[in-house]
Structures are given as C-alpha cells and as structure tokens.
Amino acid sequence: MDLNFTNKSEEYRTQAMAKHLIANVVVLSLYLIIGVIGNMIVLAVYRFQMEGKEERYFIPFLAVSDMLTSVVGSVNCIMLDVMQTTFTNNILCKIVFYTIALTAGISLFLLLSIAIQRYLIICRRHRLNLKTRKIMVAVSVCLSVACSVPFAVNYGVNEHFSDGRLVGYRCGRLKHGVYLSGLVYSIFFITLMLFTVLALVFLYGRVGWVIFKHFNAQKFKQTNVSKETSTADKLTNDSITTNLQSKTQELKNTNGSYSKLTVNSECKNDSNIEATQSSDVYTETTVPECSSSAAQIGNSTKPKRLKKTNRSKKRRRFKNKFTFMFILITAVSIVCYMPVGMVVLLEGILPDFWERLSETVAATVLWLYHTYIINSIVNPIIYAFMDAEFSTALKALFEKCKCFKKYSK
C-alpha cells in the first residue's frame, strides 16, 4: 500500500513538474540571479561612490532587504515548487513561510519610510535627523518580524488531494486545528496591506500635487519674466533712440563741429558716427551699437544671476525626478504585492483553495504568488534609468574597477 502510494505520488509530481512547474522554476532562478547581481551593484555604488547622502539614507537598507528577498524568496519558492507533493518536514515549512514574509515585509515597510521622508521634505520642508532615520529602519524590521509570526503558526504540512485521492503532502496554509486564527490573520493581513497601499498613495499623492503646483508656478513666473524683459528692452531701446535724436538735433542747431570723442561720450564704444566740421551731414548708424552697449551696461549682473537661477532650477529638477523615481518604485511594489495579498486571503477563506485548482491554473496562481520578488529585482533597474546621479556614480565605479585591474596587471 505504501509502495503504491509512493509510486502514485512520484508519478503525479513528475507529470506536474514536467508540464507546469519547470517554467516557474526557471523564472525563479532568473529572479535570484538578477536580484543578487543588481542589488549588489547598488550596494557597491553607495558604499564607494555615494556614501553619506542624507536623502538616500534608506536606499542601501532597501537594497539589502531586496537582495535578501530575492535570495530567500527564490530559493524557498523553488523548494516549494519542486516539492509540491513530497514536503514532509513541518518545521522547515514554517521557517520557509516565516522567512519569506519577514524579508518581503521589511522591503514594504522601508518603502513606506521613504514615502514619509519624501513627504516631510517636499510638503513640510522638514528633514529627518540621523537618529530618527535609524529608528524608522528599526521599526520597519520590528513590524515585519511581528507581522510574520502568524505565518509560522498558520502554515505547515497538509495532506494534498487531487481528484479526491491522496497524492502526497504539501507545505501551505494549515486546513485543520488553527483554521479560525488563520482566517482572522488573513483578513488582518489584507487590511494591513490595503492600509499600507492607501498610506503610500496619500503620501505620494500629496508630494505629486506639491510638485505639480510648483511646475505651474514656475511656468507662470517664467512667462511673466519674459514679458517684463521684453517690455524693459523695448523701453531701453526707445530711450536710447530718443536720446540719440536729441543729440543729433543739437548738432544741427549749433552747426558746430563735434569730434568723434564728444559723440562717444554719450554713446560709448560707438565708432560709426561720422560728423564733418563745415556741414550738418552725418551718417546715422549708431542705434544698434548704442542699444547693444546700453544693454550690456544695464545687464552686467545678469550672467551671475542666471548661473545661480540655473543651478537652483537644476537642483529642483533633480529632486523632483528623484521623487518621481520613488513614486514609480512604490507603484511597482503595489502591483507586485497585491496578488500575494489576494492569494493569502483566499487561502484563509477556503481551506482547500489549492485543491480546487487545476494543474494549469495552479501553476498560474503560483507565478502570481511569486510576483513580490519582482519588486526586489526591478529597483536597481529603475535607479539606473531614472537616477542620473546614480548612473554617473556607477560609471565612475566601473572606470575605477578598470583602472584597478590595469594597475594590478
């Protein structure tokens, strides 16, 4: 009987793996490789090129958490997929789900901490001191530890049935003994996730609104400045022309002879006025020269002001782009975590949730169950494409490594 059960179990497992789970294992292996390499690069850049930057304080912690999530999540999920019907170690099963929930939770709470920091900097003009930032990291870890404990209680090894027959043992949500506590925790888990999502949407919604108003104000200000500058230039040219005409009239009335030096005393750097000693004939090519000269004198302080304004605009543009980067990271995390929350809720409501699924649907749901790992592998890619300072530091680190290799040879 035992031999017959073992043969059936092995046959079922082999067929299921061959048809539906191999693709999941390959994808999880890619998650593992990309997650480790990408987050190690982020840590190297921040360790050697961007250390001590206040606004980026949480990013190295997030990179460590993402790397752990990639490793723990990928390895544990591969183990669960390979041992779909042969998982018999109850303690190991509890450790698997606890560590998955722990590492993923730290990443999510760190994203919430970053959202709070951006909100305070942009909307409240308040910067967090080092002590407060350290406390926020510690609180993120403690919250994740506390929220992950019920996974160790409510998950374990179950008998797994297919078409009404026992095919093996599966690691997952316990169906007997702690069903009520599991149901309560599933509801609490999805409520906590929704609260976190709403908090992120609110914080970044406020941040986005402030940036939007700032852009509109800047656009309106630039329009007014350009109009004022145009009007001022027109008035300056008119006054210069009037002044030139009055001086010309004086030349005609006095029938005198003014040397080139006398005319130049009124209009410096002008070398194009030609006046004769015995007639009132002259060549009037002075307006452009005078206008240019007057503009240069009146605007002698503009270059410095423009440089300062350009630096300020560039700094604001960088901060806004930096904020938009975190908005994108948060949006990706919401999309990646929501399927996991829905599956956890369904597991809590339906004890035989997995047994109701066909092999094809089960493989699809398993892939959705693993999407939280995607959040941990895309962050380095987002940094590389949206963070100009990070890209520059990455290039500098690459050049430094090349020089070190040359020197070592």
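Each position is counted from 1, following the chain as shown.
Even glycines carry a Cβ here, placed using N, Cα and C.
Whatever TrEMBL says is automated annotation, not expert-curated.
Residues annotated as compositional bias 'Basic residues' in TrEMBL: 302-312. According to TrEMBL, the feature domain 'G-protein coupled receptors family 1 profile' maps to 38-383. Sequence annotations record features per position, and here TrEMBL assigns region 'Disordered' to 293-312. Marked as transmembrane segment by TrEMBL: 20-46, 58-83, 95-114, 135-157, 177-204, 322-346, 366-386.
In the predicted structure, the domain 'G-protein coupled receptors family 1 profile' (38-383) carries a mean pLDDT of 76.
Ranked by Cβ pairs under 8 Å to the transmembrane segment (95-114), the stretches 20-46, 58-83, 177-204, 366-386 are led by 58-83. Long-range neighbours of the transmembrane segment (20-46) within the same chain, counting only residues 6 or more positions beyond its ends whose Cβ lies under 8 Å from a Cβ of the stretch, are 56, 59-60, 63-64, 66-67, 69-71, 73-75, 77-78, 81-82, 84, 359-360, 362-363, 366-367, 370, 373-374, 376-377, 379-381, 383, 390, 393-394, 397.
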